[in-house]
Amino acid sequence: MGTPFPVQLAGAIHTRHRSISSFHSGAVVVTLTQRLGHYERLMRLDKPIGILLLLWPTLWGLWLAAGGVPSMTILVIFILGTVLMRSAGCVVNDYADRNFDGHVERTRNRPLATRVVSTKEALLLAAGLSLCAFLLILPLNRLTIELSVFGLFLAASYPFTKRFFAMPQAYLGIAFSFGIPMAFAAQTGEVPFIAWILMAANLLWVIAYDTEYAMVDKVDDLKIGIKTSAITFGRFDVLGVMLCHAIFLGTMTIVGMIQKLGVIYYASLAIALGLMIYQYRLIHDRDRGRCFKAFLHNNWVGATIFAGIALDYLIGNLP
């Protein structure tokens, strides 16, 4: 004898209800995953080169300020703060460039340009990241907190300088170098003259590598009216990059002399020089792909110099 019709109907309805519930649950998970993926791309967490280029000079500053033995608490705070502030900076940058990115080959698929993330979401995300970074700084001394406020202003205002400033890379250089005086302030309670020399050196390095980056988009930027150092330098863009690299290394040599660093540090500068010569070979013909490769290559410059500082202090501090 078959199952009564009402029971069959109830079973079918229950099965259908479970299927619909499963479908909706799966859809929610997929939507949430997609949304988080959009946020990840907006913060450039899938492309950590910016975090690394911001982190290396901050670590140089911490190691120099502490004589090679920085506070672990301060070190962790600055590493996390670097990730948060770089992520916030990327969100603000894409918000500022949302009407331009769609016209540039390299940036046309960014989340704000394609409208998969709203401007409101972007601003809330940037505010949340900045707040988290500020809360991280609160256990540190007052001078560090005060400097962090100015650093936040620099990071938030940089993207808008591309509309009117002929060399926004210089402004970016100040923003990307501000972790150096903050590192000295956090570690020693003051910002000595050597911190400003190191900051000036890093500013030149930032101009060099971000000009390489700007050379990738030079044709598109000319069309839409964005200002960059690559455009300002004109046909002397390669020369401008190499001059900034050369003065950077010269200034870093002065830093080593003032800090009485040893042969390992100077060896790291020599290796960095070799890396920069290789970059010249990449950018001299102004090929977009090779210019971008040269930009990425600067991670090794920063890492090499940090290794030189850290190893020099490590060996020098041995009993």
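Including glycine, each Cβ sits where the backbone N, Cα and C put it.
Copied over from TrEMBL, here are the features:
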type: TRANSMEM; residues: 72-96; note: transmembrane segment
type: TRANSMEM; residues: 117-137; note: transmembrane segment
type: TRANSMEM; residues: 143-161; note: transmembrane segment
type: TRANSMEM; residues: 170-187; note: transmembrane segment
type: TRANSMEM; residues: 193-215; note: transmembrane segment
type: TRANSMEM; residues: 236-258; note: transmembrane segment
type: TRANSMEM; residues: 264-283; note: transmembrane segment
type: TRANSMEM; residues: 295-315; note: transmembrane segment
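Contact counts against the transmembrane segment (143-161), taken as Cβ pairs under 8 Å, peak for 170-187 among the stretches 72-96, 117-137, 170-187, 236-258. If you look at the transmembrane segment (193-215), the same-chain residues 6 or more away from its ends with a CB under 8 A from one of its CBs are 53, 57, 60-61, 64-65, 167, 169-170, 172-174, 176-178, 180-181, 183-184, 221, 228-231, 233, 237, 240-242, 244-245, 247-248, 251-252, 254-255, 258-259, 279, 283, 286, 288, 291-292, 294-295, 298, 301. Comparing 72-96, 117-137, 264-283 for CB pairs under 8 angstroms to the transmembrane segment (170-187), the maximum falls on 72-96. Counting residues 6+ beyond its ends, the transmembrane segment (72-96) has Cβ neighbours under 8 Å at 42-45, 50-51, 54-55, 58-59, 62, 110-113, 119, 122-123, 125-126, 129-130, 132-133, 136-137, 139-140, 151-152, 155-156, 158-160, 162, 175, 179, 182-183, 186-187 in the same chain.
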